[in-house]
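The feature domain 'ABC transmembrane type-1' is assigned by TrEMBL to A:98-329. Sequence annotations record features per position, and here TrEMBL assigns transmembrane segment to A:7-29, A:104-125, A:137-162, A:202-221, A:252-275, A:307-329.
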């Protein structure tokens, strides 16, 4: 029992330290950028007294440690400041943009894993054959062709030329604001509202960006799965399994594959976190109102509060997913329990 | 005749050509205990693995005859081989630390082996596993069933391995250096257990080792291998009268407590041994 408590305390301490580091970094992002936050807020032509007043209001006359303290206090109140560009509190902006990214990333990582893992296993089992080579080439293409090229070609072919895919954006204009905003994830909101046309429309809009993101992620997942499986298949316990007279299917999926689970979880978690960061290019090409787009547009306009807020969120996502991956490890591998 | 091997050759295709690791090995074995000894790389493990067709895919097996219990291993399809592996011939590997699946409980691994060839429900298989663990003299087999391989000692791991391989009642047990990874005190225990079970069940045993005296103690016959050839095959009792210079040389290199030598001789090898 005390051992458990100790482990929990250790976990909390490490998470706390990570979070502190994260907050320091986001705070520094707002200070070291060669951008004058006052000018960004009041504009170039503001008279001197307006600039002075803004400076006092933003607390920029205080020592940096005090500024940091105020920043942390603000964060603890759930206040990420206000965006100059959208005039909204950053937190409500994020609440609007992040679900779009969440929806895209989750769908993409699921598709990538469902295709990538079996493909990687297959390539490993058939190492050196034409199957392995074909999979390698497909993955290499996924890794090396820039996402915007694929995205534009996809739009050109399926939307412009063939007209079988919907255009950019998250939904058709007819469905705009038709489903009540509950989670912000359109597919889920449509299901809650029971609006099947809206659901269908949302899914149709997801197909292209999801496929492109999934292809990119799948390439990585497949390559890693292949490498892990090659290693596992060399294990002595695989010989044991074969010596027991098990079928190739059992040898591969019941004996070898569970041994790569732990490594795969890390790959999946990192892939997912990478996607949640917001795929800026994909989101831009498909006019997807996601976190990546929000972050980029804010950065371009020197709007630092959203940048800091979004960075903080991305950091939190990484910490959260790592914790989750750790928890899953313990379930998958008895040796780390 | 359980195993009948005539002129077995195992070769590997490498970048520079083919390398022949086993070069014409012949022996027969019934329900008896055959020891194969030889230094590392002499081809003893490959011979055993060729018999169960457990070689890596780039290995090539040739033989004038390679029969197991009347089945031609060279011509058998994968399905037939799966009926032989485990069910008719068990295969014990060297180090239980690597040869047991680290993420599967011991009970499941033994039960799987039983169920694969005997059928039955999961529950029956688990009961059988408990019984098998008891037969290899593991105390508290029910508790051990729920443990993972990293939670047991090497000796116990090898007992589990034996239980797993004896589960489908095979006619032959191949043990590939089953005690090399174990402490000296545990080695004898494991060998005695294996010998006991093999005799009790009237099975054949192929014991692969590089420990000549140990093998001669536990086996009826000993085949001495060197560089892919069998140098000499003799009955265990007559080891002292070995004729082949290689066998003599090996015996000569053993340190002895009763007749200590100031300096152990070095084995001199003769290229002519490989001519025949």
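From the backbone N, Cα and C atoms, a Cβ is placed for every residue, glycine too.
When Cβ distances are compared across the two stretches, the transmembrane segment (A:252-275) makes no contact with the transmembrane segment (A:7-29), since fewer than 3 pairs at least 6 residues apart fall below 8 angstroms. Residues of the same chain lying 6 or more positions beyond the ends of the transmembrane segment (A:104-125) and with a Cβ under 8 Å from any Cβ of it are 131-132, 135-136, 206, 209-211, 213-215, 217-230, 233, 248, 252-253, 257, 264, 268, 271-272, 275-276, 279, 282-283, 288, 290.
Sequence-distant contacts of the transmembrane segment (A:137-162) (same chain, six or more residues past either end, CB-CB distance under 8 Å): 168, 208-209, 211-213, 215-216, 218-220, 222-223, 279, 281-282, 284-286.
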